Amino acid sequence: MAVQRWAVVEVWPSRKRSLAGEFPSKVTTETGAPSAQSSQQGGNNLRGLAFQVSSGMDMSFIRSIPAILMIAEIVLGLLHWALIAGTPFHGIPAYGWVMFVAVTSCLITLILFFVILFSVQRKLPSVPWTLVVMVYFSAVAVLYLTAFSTNAAFVYWGYYYGHFAAASFFAAVVTVAYGGSAVFAYLDWKGDGGNAATNTVPT
């Protein structure tokens, strides 16, 4: 009985040693190659995605005057918005209208910018894009003119005079930018013969 136990003890450690000797080599050879392949595939996927995004962008639009005006409207609109939001503007009900125009126009212009940048309008040919863009910019130019007038009328308000004065200045600049966009959109719409069924946008 003692010999039998000794045999079990002798056989088991030797088997354990042989398995331990084989195991590391199997781990390194089997897991090394798939890891490299998966990282390479991940890099290829990211490069492919970047190529698809860049190839879908209308680079001629970015270099156009309407695009520069839209970027100015977004950036300066955000400054206008931030200057008023940094004050207790709720004390003057008229500033509720100013904030509504600033926030709404900034967000819609940002969406419209990406719609034109990625040529989404080409996938929706039934929408009269030149007419829609012209009406949008014309309406926002008028709305921003009222927001600027309201901002300028209530600029004298104690400690926050500097904020409201700067906001009034940026509102004036944004109003002019939207007016310029409206002019370019009108020229583009008129260049299409005033066709409401056209699917182009200002470039």
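Cβ coordinates come from backbone N, Cα and C, glycine included.
Secondary structure by DSSP for the domain 'MARVEL' (61-190): 112 helix, 0 strand, 18 coil. According to TrEMBL, the feature domain 'MARVEL' maps to 61-190.
The feature transmembrane segment is assigned by TrEMBL to 61-83 (among others).
Using a Cβ-Cβ cut-off under 8 Å and counting only residues 6 or more beyond its ends in the same chain, the transmembrane segment (95-120) has close neighbours at 56-58, 61-62, 67, 70-71, 73-74, 77-78, 80-81, 84-85, 89, 133, 136, 140, 143-144, 146-147, 150-151, 154, 167, 171, 178, 201-202. Per TrEMBL, transmembrane segment is recorded for 95-120 (among others).
For 127-148 (among others), the entry in TrEMBL reads transmembrane segment.
What TrEMBL records for 160-187 (among others) is transmembrane segment. Same-chain neighbours of the transmembrane segment (160-187): 65-66, 69-70, 72-73, 76-77, 79-80, 83-84, 86-88, 98, 102, 105, 130, 133-134, 136-138, 140-141, 144-145, 147-148, 151-152, 154, 202, counting only residues six or more beyond its ends whose CB sits under 8 Å from a CB of the stretch.
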